[in-house]
Amino acid sequence: MGDILAHESELLGLVKEYLDFAEFEDTLKTFSKECKVKGKPLCKNVGGPLKKDSKSLVIQRDLVAAFDSGDQKAFFDLWEGHIPSSVRDTDSLAQKLEFYLHIHFAIYLLKYCRGRPDKQELDKRISYFKTYLETKGAALSQTTEFLPFYALPFVPNPMVHPSFKELFQDSWTPELKLKLEKFLALTFKANNTPKLLTIYKENGPNSKELLQQLHQQLVEAERRAMTYLKRYNKIQADYHNLIGVTAELVDSLEATVSGKMITPEYLQSVCVRLFSNQMRQSLAHSVDFTRPGTASTMLRASLAPEKLKDVPLLPSLDYEKLKKDLIWGSDRLKAFLLQALRWRLTTSHPGEQRETVLQAYISNDLLDCHSHNQRSVLQLLHSKSEAVRQYMARLINALASLAEGRLYLAQNTKVLRMLEGRLKEEDKDVITRENVLGALQKFSLRRPLQTAMIRDGLIFWLIDLLKDPDCLSDYTLEYSVALLMNLCLRSAGKNMCAKVAGLMLKVLSDLLGHENHEIQPYVNGALYSILSIPSIREEARAMGMEDILRCFIKEGNAEMIRQIEFIIKQLNSEDLLDGVLESDDDEDEDDEEDHDIMEADLDKDELIQPQLGELSGEKLLTTEYLGIMTNTGKARRKGPASVQWSGDEPLRRPVTPGGHRTGCPVLGDHLISPQNAQQARNGCLRAMPVAHPDDYKEGKPGVTGCGTSSSFMDHKPREWSPAGHQKSRLVPTAALGWPREMTQDPSSGHITREFVPAFTCKPQVPSTPETVEQNPLKAKALSLAPQFSSSGPQQASRPASTASSTRGLHSSQSIRK
């Protein structure tokens with residue numbers, strides 16, 4: 001009761017203000033009379049003086065009238081008296097408008113005075129404007145838009161000065177008047193809001209929910225920031241340690257040139273600094289530093305990822321009930337279910353847990369891909385609800401990120417047709433289109449779907465989309481260019497491009513100079529591929545493509561320069577390369593890239609948020625849709641070409657951007673444990689297995705780059721020296737290789753052709769090793785494995801397996817005599 005008495009005057013004032021605002025005139029009179037009878041004081045300054053609509057209109061009319069008549073004093077008296085200072089001093093729109101209003105009154109006599117204007121009055125207005133510029137208007141002096149007008153008071157005849165030509169056009173004053181009227185309407189409408197209504201809005205249920213959501217997001221952001229900070233500090237410390245050790249090793253190598261020996265004690269001290277903590281204690285007892293190869297074996301063993309605890313499987317679900325609610329439920333329920341199903345897939349641990357989730361979706365035909373009913377889950381892609389359409393596209397994109405998911409979606413062409421239709425129709429929701437495009441790009445890893453997309457004219461749609469790349473998000477740009485490149489790898493795709501050769505070449509040449517450097521490998525790949533068609537080469541020469549490319553050689557980095565040089569070589573070639581297949585349009589499934597790329601963009605910018613007490617995510621699934629034994633295991637399909645290729649077939653493998661968008665590639669689940677895959681996603685991938693140089697001979701293609709086996713052209717066996725096969729591979733992430741010129745090994749006399757990755761991914765995680773640039777003059781000496789003398793014990797060959805603790809990094813060269 002004491003609190004009420006302390007604030008009784010303000011509370012009664014709020015009620016009076018609201019009754020006045022709502023025009024309850026009789027009620028207001030009765031209320032005021034009763035307050036007076038009871039001796040209750042009414043606060044007169046609750047929310048400032050209440051401006052009723054009628055009074056506001058009068059003020060607005062007076063301001064506009066003063067504007068029209070050029071009455072500067074009357075206008076600014078009303079302006080300063082009725083526009084709150086908080087608005088005039090802090091609102092950028094109000095400040096800009098006031099600046100132009102001062103210009104209007106300063107030049108009013110010059111524009112509207114018949115005959116010669118009164119010099120004294122004109123000087124007075126110019127002086128007033130000059131004073132404004134030196135005081136309040138000085139805040140805008142650094143703005144480019146207003147900078148020329150600071151010279152206005154000093155120009156003898158502004159009407160003929162080119163800088164002020166716009167001010168004296170007939171349209172300038174009406175446009176300024178319209179801006180003034182809009183500003184006044186918004187300002188006085190805001191001032192009319194009673195404080196009681198403002199308090200209600202600020203403390204309503206929506207505000208509480210919003211505050212709760214913001215608080216939750218803040219907590220999560222702080223938690224992630226701390227995690228990333230710890231990772232960063234560890235990576236930085238490891239980097240500094242590595243640089244220090246490298247510097248010492250360089251000094252030691254220089255010393256050995258002059259004949260100085262390296263002692264075992266020094267080698268031991270270096271290895272101790274490189275080994276992980278768990279091995280340092282036993283290092284002195286387990287490593288014989290006098291025997292070559294022992295230390296390197298122990299070092300590689302120390303870098304092997306630790307085994308983590310087994311991850312439990314997620315509970316089974318009632319998929320019949322799930323699909324029923326996805327078809328017949330409310331739009332909000334559909335959106336939450338689609339979100340939860342996606343989260344179950346994207347947040348599961350790579351390996352058995354994720355495979356079990358995926359196989360449950362497939363075996364229960366979650367999306368009704370095999371259903372012929374009129375209403376199916378797939379139809380949600382064309383829902384009237386924006387949230388449902390977007391979340392359906394996100395789920396399909398997540399499924400397409402996994403090899404088995406792509407196989408499930410590809411078994412029925414209606415999924416592809418629906419995605420193509422949604423892609424061309426979706427013009428409202430950017431995220432929906434991004435996810436549809438991402439799914440189609442991943443579909444392009446499969447040859448039958450490539451063929452279907454080429455036949456459907458998707459290349460023409462992509463070319464039209466990429467004509468204005470600055471209007472596209474980074475995701476849309478990268479995935480559309482990567483999709484275009486994948487389709488251009490096929491003969492049918494190249495022939496499609498030949499129909500619009502001029503436009504295609506113009507779009508690609510424009511993309512070469514785009515600020516998003518992530519698209520460069522795909523642009524170069526597409527350009528190199530289509531230039532194998534003679535008609536496109538002729539068109540490129542006619543438009544001066546070589547000069548355009550040489551401009552980028554001057555500005556690009558070494559990798560970009562190397563790629564462009566080979567494109568120029570292709571451009572200037574007269575005949576098709578030897579060894580080109582007559583047709584690459586067979587539909588064999590062994591072109592499938594059997595890899596999984598679950599990029600972080602799948603869960604970005606969630607459109608819906610649960611209200612208080614509303615279930616979402618895994619809690620929604622396990623509370624309302626718990627099932628019995630619907631998680632059925634199934635062995636992963638392993639195509640013979642998923643790991644290696646025959647010597648007769650050229651490397652023609654499509655790629656997807658997702659692998660390097662997430663920072664580092666994710667290892668194939670069937671090749672590594674779920675613990676290792678999770679560490680790879682977290683940026684803890686320690687070593688990247690590459691191929692043995694002894695495994696390859698001339699003309700025998702294999703796997704290059706970041707563990708990929710992808711190429712973008714037909715090639716001569718003698719022109720290209722591939723890097724060979726790889727027993728266990730990483731996810732293909734846009735790694736396409738270029739050969740270097742032949743050099744002679746000075747130590748052996750053998751002719752050596754190096755194969756260096758030109759179209760290679762750039763891992764963004766410092767712990768992921770990058771490809772080493774090799775010197776042609778020292779081809780044999782640059783193997784990452786240690787070199788041994790003939791007298792000492794030799795290191796045994798180690799298979800390049802991710803599961804092996806004795807993995808080795810060997811140079812990817814092919815040597816021919």
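Positions of Cβ are set from backbone N, Cα and C atoms, glycine also.
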Which range of 15-41, 204-230, 285-311, 609-635 is coiled coil, per Swiss-Prot: 204-230
Per Swiss-Prot, the range holding region 'Disordered', considering 568-590, 637-659: 637-659
Chain residues outside the coiled coil (204-230) and at least six past its termini with a C-beta under 8 angstroms from it: 609, 611-612
Model confidence over the domain 'LisH' (7-39) (mean pLDDT, whole number): 85
